[in-house]
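Report on the following structure.
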Amino acid sequence: MASLRKTHPLLKIANDALVDLPAPSNISVWWNFGSLLGLCLAAQILTGLFLAMHYTSDITTAFSSVAHICRDVNYGWLIRNMHANGASFFFICIYLHIGRGLYYGSYLYKETWNVGVVLLLLVMMTAFVGYVLPWGQMSFWGATVITNLLSAVPYIGNSLVQWLWGGFSVDNATLTRFFAFHFLLPFIIAAMTMIHLIFLHETGSTNPAGLNSDAEKISFHPYFSYEDLLGFAMLLVALIALALFTPNLLGDPDNFTPANPLVTPPHIKPEWYFLFAYAILRSIPNKLGGVLALLFSILILMLVPILHTSKLRALTFRPLTQCLFWLLVADVMILTWIGGMPVEHPFIIIGQIASILYFTIFLFLLPTAGLAENKIFT
């Protein structure tokens, strides 16, 4: 008789995704980040739920409610630190996951890739509205600066900003709706993750060689389920270590000051995981141009499958494109550094060069290198 996990309508779905899933035998630790992102999402939803039980989304009490969570709620300080630093780990995993996809040609599964880009945008949006909730100085001014970018939209810009704010400035209405968005979006992300997985399981996973692995498949459980568990353990140890030893390492000191609309912080900057995009935004002197560059810096990922020119899938056997890939990684790191620097010489010009290089690599250098390698190989 067939086992229940193979016949039960619900268990069958879980079985096909987590137990009897055929996986390539040679996938490396770079294929662990999908499951780690699932763990991050679960941890964020769980800690966020407990924070929401004690948080108040009103400008008079928001800041002190966070202080109350840290001081008076049992293990509130731990839940808050896990949630704040969990966001950083979420983005570390997401960037490594995207980097893996770019390196090994996973983007050729177009549906999976495009759903992934939408997921990235949703996660970025969730992190942004979440950063506003503690109602510190950087929360308030970050919200003011970033939402103000919508005013660059021709004709309807100002109306759009006031509609988003719910008034003529970032105020109580803004905080309340941002809390609503921050509560809702993770569940939409969870649903989109399911769609991401459905598309992935239509084709199966890629592998480090970039070759067809149909002849050499092994079951997901126990081989990769245990490998994933090791990843879970390492991620949780790192997260708990950060949350316990240096919980404010990645935060901004300005956020220890309650929001004050009358005092602007000397350097307004987002959390570290948005700095590369912020640097691209700032590197263009025109407001609308900057906003478009900011949007395109993420949406350019959707063009990667279209711009794939090589006959080979992965970069494993493509030394020229490998160099460009690592140049891109270095460039994103430089942009991240520049995004956290004041707008003055020499940071302005470095940011502009790095921004131009970022788009040039994606739109011109990678496709050209692919064509050149085709010539070399034939």
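Here, residue 1 is simply the first one shown, and the rest follow in order.
Yeah, the Cβs are placed from backbone N, Cα and C, and that goes for glycine too.
The annotation transmembrane segment is assigned in Swiss-Prot to 33-53, 77-98, 113-133, 178-198, 226-246, 288-308, 320-340, 347-367 on the grounds of similarity to another entry. The heme b b562 binding site annotation in Swiss-Prot covers HIS83, HIS182, and the record cites similarity to another entry as its basis. What Swiss-Prot lists as heme b b566 binding site is HIS97, HIS196. The ubiquinone binding site annotation in Swiss-Prot covers HIS201, and the record cites similarity to another entry as its basis.
Shown on the structure are the features that Swiss-Prot records.
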residue : record                   : Cβ contacts under 8 Å, 6 or more apart
HIS83   : heme b b562 binding site : GLN44, THR47, GLY48, LEU51
HIS97   : heme b b566 binding site : PHE33, GLY34, LEU37
HIS182  : heme b b562 binding site : GLY48, THR126, VAL129, GLY130, LEU133
HIS196  : heme b b566 binding site : THR112, VAL115, GLY116, LEU119
HIS201  : ubiquinone binding site  : ASP16, ALA17, LEU21
- Contact between the transmembrane segment (77-98) and the transmembrane segment (320-340) (at least 3 Cβ pairs under 8 Å, separation 6+): no
- Maximum Cβ pairs under 8 Å to the transmembrane segment (33-53) among 113-133, 178-198, 288-308, 347-367 is reached by 178-198
- Cβ contacts under 8 Å made by the transmembrane segment (288-308) with residues that lie 6+ beyond its boundaries: 98, 102, 105, 107-108, 110, 113-114, 117, 120-121, 124, 149, 152-154, 276-278, 280-282, 355, 358-359, 362-363, 366-367, 370
- Note on the structure: Residues outside the transmembrane segment (178-198) whose C-beta sits under 8 Å from one of its C-beta atoms, at least 6 past its ends, are 17, 37-38, 41, 44-45, 48, 52, 55, 57, 112, 115-116, 118-119, 122-123, 125-126, 129-130, 132-133, 143
